[in-house]
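Chemist: Take a look at this one; I'll ask things after.
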Amino acid sequence: MSGSLTGAALLRDATANRGTAFSEAERDALGLRGLLPPAVETPERQVARVIDNLKRQASDLDRYCWLMALRERSELLFQRALLDHLAELLPLVYTPTVGQACQQFGRIFQAPRGLYVTARDRGRVRELLRRWPAGPVRAIVVTDGSRILGLGDLGANGMGIPIGKLDLYSACGGIAPGSCLPVMLDVGTDNATLRDDPFYLGLRQPRLQDDDYDALLEEFVSAVQECFPGVLLQFEDFSNRHAFALLARYRERLCCFNDDIQGTGAMGLAAVNSALRITGGKLTGQRLLFVGAGEAALGIATMVKAAMVAQGLSLEQARERCWLLDTQGLLVAGRPGLPAHKQPHAQPRAPLADLEQAISVLQPTVLIGASGMGQLFSQPVLHALARHCERPVVFALSNPTAKAECSAQQAYEWTEGRAIFAAGSPFAPVELAGRTLVPGQANNAYIFPGVGLGLLASGATRVSDAMFFAAAAALAAQVKDADLASGRIFPGQDRLREVALAVAVAVATTAWRDGLATQPRPDDPELAILASMYRPGYPACAA
Ligand code: NAD
């Protein structure tokens, strides 16, 4: 309970308010009698009311707004509802609904949350960070809003993403909400429609460029290190114009990572390995075609190639098994204008522009969509894939749902039910020829909350590639034979907290092994990390 608040002030403090769950004794001791209806309720009853209210809302966006308003009244009840109904509420607080929430951010805005650092704040970023009232801050998720999901530049509207990610840090990763800080770096937006929107809440100016952008980022990161030493900084939804460079610049300076590149990489490697448990194939025998050559695709391709090398292939051989195709066609050596971060993935061969043709020529066994373009995996594309491959692995990772490269129904139908399918956004099970096929949700939510928890538990000073390999292996180990039997290559989302714990133990163990930890290794890391995990507490009811 926060400080010595009593009476109406206590009920208005969202971090301390337990509403009808305050006991009779507390109502007397804290001056609450008369200010609450007489019923004393359990948290379970309160959560049941939340769920009942959500059911009565007309749309998922309304449900999102209702949940955000609830959080302004009681963070405890919000967190408790999220924890108790994780699988049900995840699509509301996170993808896909968070995509709509970002698009409508200015319209549905109710109360500020997190910190806004803008292009106008050069020279006083430290001052702004010191202004943050809650604390101590342990985890920051920051975006500049330049590539929100597959929705492009949403400027300051992108704040919905750090907020949603940190909700998962708390619900899945057990990192207390009071120690989580969402940050919007508002450097302007090149989205002219948004700048003309009367409800837009961000700076109405074009994005900062080059040196001005870098200087603001540098001031922000330095201020973070100074104001919140030991904090974990997660870069989120930065366009690939800056994402790779920022990661390269800061990964050796503080404990930071880019979830779109590294988190997706670990999630993708785990997904491929789990799919191979169904097909019986070996990773080193696969041919992977990525559609999209941005952060997600390059993140997964890098991890897969490194895993192939660890399993005995040369880097050259691994490279020959991973192909990437973007808007300009296949990544091939000598392609004009190929940016530095794509060059290691280019192959020495003739160009190929068309996806269907690329499938016929390269005969992939694994097709991964990370393009942000809905419906790229058309019927002819999936027919071409299924023609040469008995059990094709198809991942449509792009979010939100409308941006998925294909739906679950399409993936199964167009491959005669032979595909092993997973998507970034949730899809319902599909009935086909008397079988129920359950698509997995290939989502970073299986990785980043556990990575964050493991980094904080070990007090990691840096985030290494080895940690993401350990995270991928830990996630893959959580997939049960029963999941695979239904075609699902991820654990159920009701197990996200369990998965986060396993990932955290793997990450922290790597930090302790590799000399990157500042916290002593406990005798039983799993028990110690579990004990450290936040649960929305209701002390009176527990008594
Ligand atoms: P990005 O902007 O860095 O990359 C997109 C890539 O797709 C670019 O290389 C672009 O050239 C390519 N592309 C666009 N249209 C194409 C087309 N018609 N044909 C071929 N290539 C095309 O974005 P990103 O960070 O890599 O994310 C891509 C998508 O993946 C987004 O929708 C994002 O939400 C999703 N994603 C999902 C997860 C997950 O957990 N499921 C994780 C990360 C990203």
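Just so you know, glycine gets a Cβ as well, placed from its N, Cα and C.
Annotated active site, proton donor per TrEMBL: Tyr94, in sequence order. Residues or ranges marked as active site, proton acceptor by TrEMBL: Lys165. Residues annotated as (S)-malate binding site in TrEMBL: Arg147, Asn399, Asn443. Positions annotated as divalent metal cation binding site by TrEMBL: Glu236, Asp237, Asp260. Residues annotated as domain 'Malic enzyme N-terminal' in TrEMBL: 71-251. Annotation source TrEMBL lists domain 'Malic enzyme NAD-binding' at 261-512.
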Chemist: Checking proximity to ligand 1 here: which recorded positions out of Tyr94, Lys165, Glu236, Asp237, Asn399, Asn443 have their Cβ closer than 6 Å to it?
Modeler: Asn399, Asn443
Chemist: Checking the recorded positions Tyr94, Arg147, Asp260, Asn399, which are within 10 Å of Lys165 (active site, proton acceptor) at the Cα level?
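Modeler: Of Tyr94, Arg147, Asp260, Asn399, within range: Tyr94.
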Chemist: Among the recorded positions Tyr94, Glu236, Asp237, whose Cα is within 10 A of the Cα of Arg147 ((S)-malate binding site)?
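Modeler: Passing the 10 Å Cα cut: Glu236, Asp237.
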Chemist: Within 10 Å of the Cβ of Glu236 (divalent metal cation binding site), how many other Cβ atoms are there?
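Modeler: If we count other Cβ atoms within 10 Å of Glu236 (divalent metal cation binding site), we arrive at 28.
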Chemist: On the 0 to 100 scale, where does the mean pLDDT of the domain 'Malic enzyme NAD-binding' (261-512) fall?
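Modeler: Residues in the domain 'Malic enzyme NAD-binding' (261-512) carry a mean pLDDT of 96 in this prediction.
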Chemist: Take the C-alpha atoms of Asp260 (divalent metal cation binding site) and the residue listed as 'active site, proton donor' and report the distance between them in angstrom, rounded.
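Modeler: Approximately 15 Å lies between the Cα of Asp260 (divalent metal cation binding site) and that of the residue listed as 'active site, proton donor'.
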Chemist: What is the interatomic distance between the Cα atoms of Asn443 ((S)-malate binding site) and Glu236 (divalent metal cation binding site), given in whole Å?
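Modeler: Computed Cα spacing between Asn443 ((S)-malate binding site) and Glu236 (divalent metal cation binding site) is 14 Å.
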Chemist: List the residues of the same chain that sit at least 6 positions away from Asp237 (divalent metal cation binding site) in sequence and have their Cβ under 8 Å from its Cβ, in sequence order, or write 'none'.
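Modeler: Thr143, Gly145, Ser146, Arg147, Ile148, Leu149, Gly158, Ile161, Asp260 - these are the non-local Cβ neighbours of Asp237 (divalent metal cation binding site), listed in sequence order.
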Chemist: Given the recorded divalent metal cation site (Glu236, Asp237, Asp260), which additional residues of the same chain have their Cβ within 8 Å of the Cβ centre, ordered by sequence?
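Modeler: Close Cβ neighbours, site residues excluded: Thr143, Arg147, Ile161, Phe235, Phe238, Ala243, Asn258, Asp259, Glu295.
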Chemist: Expressed to the nearest Å, what is the distance separating Tyr94 (active site, proton donor) and Asn399 ((S)-malate binding site) at their Cα atoms?
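Modeler: Checking the Cα atoms of Tyr94 (active site, proton donor) and Asn399 ((S)-malate binding site) gives a distance of 11 Å.
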Chemist: Return only the integer: C-alpha distance in Å from Asn399 ((S)-malate binding site) to Glu236 (divalent metal cation binding site).
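Modeler: Per the Cα atoms, Asn399 ((S)-malate binding site) and Glu236 (divalent metal cation binding site) stand 14 Å apart.
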